[in-house]
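Engineer: One structure follows; several queries about it will come next.
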Amino acid sequence: MKHIKNEREEVFLEDDQAQHSQAELLSSKDENLQPSIPLSPVAFELDFSGNFQFISDNSSELLDIPKDKIIGHSVAEVLGTDGYNAFMRAVNCLLKDDSHSYHVRFQHSINANHANQNYYTAKGDLPSDEKITKPFDAIGILIRHPGSAIPAHTMWVVNPATNSLGSVSPLVTKLLDVIGFGASLLDKYLCDLRTSYHKHNSLDALPLPTPEFCQICEREIQSWFFELHSKFCLSTSTYESVVQAAQDSLLYFRSTLLEIQEGMQKDSSLVPVYKNEPLIVDADDYFFTDENKQTLSLCSFLSQVMYYLEVAIDITIPPVKIIVNFDKVDSLRVQSPRSEKATIELDNYNPSLENCSSAVIALWEDIKTAVDTKITGVLRLRNAIYYSERIRLEIDHHVQEIIDDVVSNLVTNHSSTSLGHLESKLAPSITFPDACDALEAEECITRPGSATNTPQSDRSLDINDLSRSSSYSRHLSHVSLSNPDFAIGSPMSQDSSNYSSPLHRRKASDSNFSDPRFDDLKYLSPNSSPRFVASDGPNRPASNGRSSLFSRGRASNLGDVGLRLPSPSPRIHTIVPNSAPEHPSINDYKILKPISKGAFGSVYLAQKRTTGDYFAIKILKKSNMIAKNQVINVRAERAILMSQGESPFVAKLYYTFQSKDYLYLVMEYLNGGDCGSLLKTMGVLDLDWIRTYIAETVLCLGDLHDRGIIHRDIKPENLLISQNGHLKLTDFGLSRVGYMKRHRRKQSSSIPVLDLRDRSSAISDLSLSTASSVLEAQSLITPERPKRPSLNEKLLSLDGTSIRLAGQSFNYENSAEDSPTATNTPTSQVDESNIFRSTDSPRVQPFFENKDPSKRFIGTPDYIAPEVILGNPGIKASDWWSLGCVVFEFLFGYPPFNAETPDQVFQNILARRINWPAEVFTAESSVALDLIDRLLCMNPANRLGANGVEEIKAHPFFKSVNWDTILEEDPPFVPKPFSPEDTVYFDSRGLKGFDFSEYYNQPTVTEAQKLEEERPASSIPQHVSGNRKGRLRSNTISTPEFGSFTYRNLDFLNKANRNTIQKLRKEHMAVKSAKTSVDDTFSQYMSRFKAKLSTSQSVGPVKSSRRASMADYEASTTTRVQDITTDSIDSIDDFDSLKEGRMLSFFDNLALEDHKGVSSTMSASQSQSSMHTALPDVTEGTSSDEHTTIQKGRIDNLQAQSLTHKRNAISYPGLFQLDRLQMIIPKDEIELAEILKKIFPKLTLVLIDDPWSILKKLLQNEQFNVVFLHFGNDKVSSSRLMYSVRTSATINSRVPFVYICEDETCIPTDLQSDGVLLKPITCENIESCLRKLDVWHS
């Protein structure tokens, strides 16, 4: 393995020509080996002997080396002698001076087949037996032990060697290996500085750096640092989620043990059970002495455990409140001294377990595993934060030096006044506040003295330090710890080190400039992390200047402490600390309108204030969830949705958070409604529709079953229609755990007991192996409530939860019968429904026999399988039964076991009394009937699908289905909303006119429940007192029932950041090649278009704003046909009266294909050439990628449309005057339109071909007099259309339908129509037809 020498002086001290040559070489050297998408970097730790003591799990992905072949091995064994020598030189340098980061470039051989799979090759795959030698960059820092500051190890992060896009100036070449492509963006900014100065000949006109919006931390980041920051941000957010999940687990432990103590105080005869063994044996039964009784007392043991848990819970990662000078970067601290002391105390804490039973030992080992998981996560998080801060500070420092050099060169010919200003000293030092916001006064770390009593060069605080406090994320969410997706880079020095060396930094006084505008700057503090830190911060004010989640925006104003321009050189601020709220809140969203109401919560359409993205927010009231015993349901649904983040079959979950009284699940907004609403509108579905929808549902359920998830609530209302027309499953509240065992609460009037079903069944299962790992809820079977335990049989059970953290499992044993993977789950024989166990607990009763309201089924019973009703454990076959009920309802319009009461429905299900319709079945439907019959088999073992999903796929009903491409085929229905805020396809189910202020007035959990200040771990009392119990309750940051309930879908946020990076690259390349971007071309065309309209009459602007949602980004390869409607209006000035909310066409969703399904209208003076689709205006500053769907052919089509008629303009629903006659006709019936306009001079015609557009038009509050149809509309039969309109409650429910055809005999006799218009179309035929309909005097 050949090691490339790293003498940074060879890079930095070459002449300009050599610099450009080297940059060009780097840009072309590995052209065929550059990753097409960013690969996750690898983080590892080296001891001072060069041995790996930690490496992230993605080592095999990037380096093609398994993790188990690295840990404990020497660098020489993995990277060869050259690699070992290089890293050891860097390690020795760090031990001597750790104020610098060190860079090592090495080469490593990768199997070609592995490289092909991981996108290393851009131009064809290489032979699988060939080796590829690829350069890598590693940058490391020294990590010290907390508290003692003794060197512990070195931390390194490895990335593929990067390069800029094209050559860069010598000034930024030294940053090339660090920020890669960002060096090109920095070089461009320096060019902008020079251009602006030469243009205005003034320092006051120098431009500010243009920031980019990080979707993870929601902050504005400099473009050249954005790619590196996004990796830092993702890595720290990953660790935060790990630590938060571990914190939740410890809180569950603590709450459980506390209630056990309370229960034992009220009834001392209770004996605990852990893993089916007595936790503390009865001393009398085992002839223990009095001394041993005291040693083995439960209270004493629990007190020790509570003390241990409390110390672990009190460990926090406080916010980085310290503003440090770069020369004092080693003073940066990211953890409070008390937390550091607590960590050391836990390491040395070993309680005496002598003479303890195996259950006691097992309990202690499980708790210790959870504690160790948190400690490990905290240490990793602390190191990641420290690492990212160190690298950011170095980059900021060197970038500022570069900017100062450029400005200094610009003003060399200026007056002596300017020169004198350039030579001014440091910016004013910052005055610190008297106390920190979140840390206790005694925890505030001693800072360097002010500039008044220390030398400026090393004690004063530079103004740049305002931005150098933290780059880590404010949110908690779930991503893998072991795949920290962050790249490292740092400038090096002109040191004589052979392989690695730091870059000497000039003193800050050499290049910093004072600015009186910064004299009164307030102290900045970034946000706390992780979420359980006891600190409060103000929420971010609403801002409309930021970009949409997947479209990069340009914020011109970053606030009072944002990017401001001290004179003469611009000051960079990589992070704007106050730009993100500390705690997610519903105030971050604008609730627009209700979508639907369910049994336990409501769903609303909302828009995120910072980005403009649209989401569906499910809001649940905590008190209702607890009262209705839905705690486990909520936690299970959240966990499942988190685990299905990449599934194309499940509605995506993006965020979860809570307030004092409510839970919020921010989900993907699927604007097509649900199949329940579709059925309500259509009545029944065609067989082709049924086949497609059921096939997609089969794929979805098969995928869930393969993952060990049983949905158990399959019904039309839970099948959502996405933007592209395909189905997605939602509402997993009843999944895994079953139905009836979730709807019972303990009814006890004596001893208060702990219901583990509400507390401990859904504790997170953390997988730390990949960045996409998620929290998996562990199931819990809860049998019927036991009777009051007898005196000798009272057992207090902790069993009921399985927790897996950091790959190490400890179990509160859970039953395997309802586990997602029963074969891998330990089985417990104890009753898990209660902490009390009795040997005479009753058997489970069927639902319909239960008279206790607390044990009756809550929800829709029509789709429940008979085995579930009988109380048997749920199996996968129960989902297939529900699917059979859905097929029946799709075909006939009602459930197969429908009855007036739930009890009757249950009786029908158990007796298999299917309510078949009386009509005669066709041969075509007989196959569907056979599918229903086999799915509704009473014996689960014989039910279709019991042996796997392939059984269902092989059924003749799906003979024409291509299972491999069904999700890529055109669906039967594609939603065409009028606007992004249109919810026309949803059935609100009574949720109307709700006052949203009830949600906005809710305080956050932290605001509602202030935590006590952090106490030294050593001060924790050894025994639990009454006051301590109360404090334990109040110190919980969130209700124990729901945990922290904080989650962010980092996978999608990271994709958004990567999308921004790709846009930056494309835009930079477009500028370099001097090509006109798509949006510039389109803007020019639109300007000509509007100019032509204005020659006739002035036209008011039609506003347009792009709000791309996550669903739009996910389905970016799919174009959606929009319902673009143009209606007749009297004057083009009516443009001014159009409302933006009724905009029917917005650019990011314009279709590329022909105007199928697009409706048009004609006024009295219009002809065929005048019919066209007018377009709204385009706001300036739109990114070119927003219009990637608008191809050249599309623009040509738009230009070809006629612009010659003065009265031709866009019209919108609601502008019709109801005193006029209105008709709908096919848009190709121009002859019919002209004749009708002659007959009815005041007639308004709406030209629509698409049946769905016709249906949507008729279902609005806009009256039509006649609907002309071509017989045999595609996909939706005429009878279906008529049925939907006739059964609706709109003003068009009795509108006449007239079919246009060549011969009246082609109309089936059983088709009920109001009239037939025969061709050729003449005035006489139309008059005859309409007279029969009595339309003349309408």
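Backbone N, Cα and C atoms are what each Cβ position is placed from, and that goes for glycine too.
Fair warning: this is a prediction, and the values are worked out from it, not measured in the lab.
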Engineer: Of the residues Ser748, Ser838, Ser1038, which is given the phosphoserine tag by Swiss-Prot?
Structural biologist: Ser748
Engineer: From Ser525, Ser569, Ser979, pick the one Swiss-Prot annotates as phosphoserine?
Structural biologist: Ser525
Engineer: Of the residues Ser237, Ser767, Ser779, Ser1211, give the one that Swiss-Prot describes as phosphoserine.
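Structural biologist: Of Ser237, Ser767, Ser779, Ser1211, Swiss-Prot lists Ser1211 as: phosphoserine.
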Engineer: Using DSSP, what is the helix/strand/coil residue split across the domain 'PAS' (28-98)?
Structural biologist: 35 helix, 11 strand, 25 coil
Engineer: Any idea what DSSP makes of Ala599 (ATP binding site), helix, strand or coil?
Structural biologist: coil
Engineer: What's the CA to CA span in angstrom from Ala599 (ATP binding site) over to Asp713 (active site, proton acceptor)?
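Structural biologist: Per the Cα atoms, Ala599 (ATP binding site) and Asp713 (active site, proton acceptor) stand 13 Å apart.
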Engineer: Any idea which of the recorded positions Lys597, Ala599, Gly601, Asp713 has the thinnest Cβ neighbourhood at 10 Å?
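Structural biologist: Among the recorded positions Lys597, Ala599, Gly601, Asp713, the sparsest Cβ neighbourhood within 10 Å belongs to Ala599.
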Engineer: Looking only at the domain 'AGC-kinase C-terminal' (959-1057), what is the model's average confidence as pLDDT?
Structural biologist: 65
Engineer: Test of understanding: give the count of other CB atoms lying within 10 angstroms of the CB of Val603 (ATP binding site).
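Structural biologist: The answer is 24 other Cβ atoms.
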Engineer: Taking the Cα atoms as reference points, how far is Asp713 (active site, proton acceptor) from Val603 (ATP binding site) in Å?
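Structural biologist: If we compare the Cα positions of Asp713 (active site, proton acceptor) and Val603 (ATP binding site), the gap is 18 Å.
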Engineer: Can you count the other CB atoms that lie within 10 A of the CB of Ile595 (ATP binding site)?
Structural biologist: 25
